[in-house]
């Protein structure tokens, strides 16, 4: 604004950023443009000439794509020309300004405001394409002989491009009419779900260029057909927690569901499975190889990892039931790491997780002209805005369970003042005399069944190993640490055994916005209206952990 008489102007936040004119980038055949965009900022990319793809999904000509909070690469087989320009500042929900998540959002000095961008001539895309053609040959053989299609397990260290390879192979398969099942076994990032989940999805249509894997069902239109993921909750940071005692059974349950789907769907059986794994399994830590063995048995890049895989699995027979009477063999192939793979620090990954959770409840705030064109919308841009339903619940009416596993990298303090307001610990005998013997026995049973190594109730539950499942029911009053965390609503009954709760798939997620321990109520956000179904609920206390600022 101007100061009268002095012809001076005061800078304002609205005038600080002046977008640079669009930049044209010409790529020769076999090269790719690599770029990084911070959260809270956006760039727009348009394909002016030639052909190009992002992680295997082809870009439409003359359509503008918007990217925010991503590290990606656009590859061309025959050469192309791109136009890159600065996008609008992303306004997040409830006053988290243009700075984005975790204080990020600094616009860079690259084309369109990229934090980093450059053109690379050497890429491993030819290797990835050769893998696709080899898989296609195996799929054609599977169709001719009636066998199962190839099952691909992708292993490698952190930030090696495993998920990128999975996207490329999936995109190429769908492009030729195949229908692969993609399995995500990495709880650090969600695939069509929130972090802390293990998912399996059958891909029948193209993936979304701007959103990666695409989107799951929602109450609204979608330019790209939605995907239907099968979701299991694993509220721990990595598979090695509790020596894999929780991770392995969930993987087995997920593999059983995938096997059942393939038995009923001829197209997915012929196409096969693509499994993406966490990088920590390839770091050589104790217990990693056992979990890899388990994954190979159920679903069946470093030199040391490659040598171990060659020694243990190359040309060895598979263990699947369908291969029992055949001569199927496991083949180990080493792929080059792309030079575009960059390290994703803890702050960036935290922003990724918060963005996935925010998108689950509130939709995608990034305006997209490409989606508007695909959806035949009258507006020039479109963004998907969802309205979650807020409601208060009596904590007493909920069956909330929590995994009682000490973190491997820190000693967690379980102290919560709300648990000691009306405690009966200091009464004679440490127990309320008004309680009957039935209540005492129920509490003893609950405690015994939640601690590994202690004898649980006899019968079927004991036989199934329920006493070894480190799940404990959270008793009233509601702990204050419940605020700003996720609750996973399972498909099993609230009084189910710990093993049944652990192995149950997920119906949906709730976000705890506030906790009133005195009144025994919690305020939650739900993706749909109506009463919360009477199901067992698992608390994501340890992972994905606390998400602050989702609501005001």
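Positions of Cβ are set from backbone N, Cα and C atoms, glycine also.
Here is what Swiss-Prot says about this protein:
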type	residues	note
BINDING	32, 71, 159, 160, 161, 162, 163, 164	ATP binding site
REGION	409-470	region 'Disordered'
COMPBIAS	432-444	compositional bias 'Basic and acidic residues'
COMPBIAS	459-468	compositional bias 'Low complexity'
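Sequence features annotated in Swiss-Prot and their locations in the structure.
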| residue | record | contacts (Cβ under 8 Å, 6+ apart) |
| --- | --- | --- |
| 32 | ATP binding site | 73, 74, 75, 76, 119, 120, 123, 125, 340 |
| 71 | ATP binding site | 35, 36, 37, 342, 344 |
| 159 | ATP binding site | 279, 341, 342, 343, 344 |
| 161 | ATP binding site | 337, 338, 340, 341 |
| 162 | ATP binding site | 154, 155, 156, 276, 277, 279 |
| 163 | ATP binding site | 186, 189, 276 |
| 164 | ATP binding site | 55, 338, 341 |
(request) Taking the Cβ of residue 160 (ATP binding site) as the centre, count every other Cβ atom within 10 Å, in any protein chain shown. (result) 19
(message) Under DSSP, is residue 159 (ATP binding site) part of a helix or a strand, or is it coil?
(response) coil
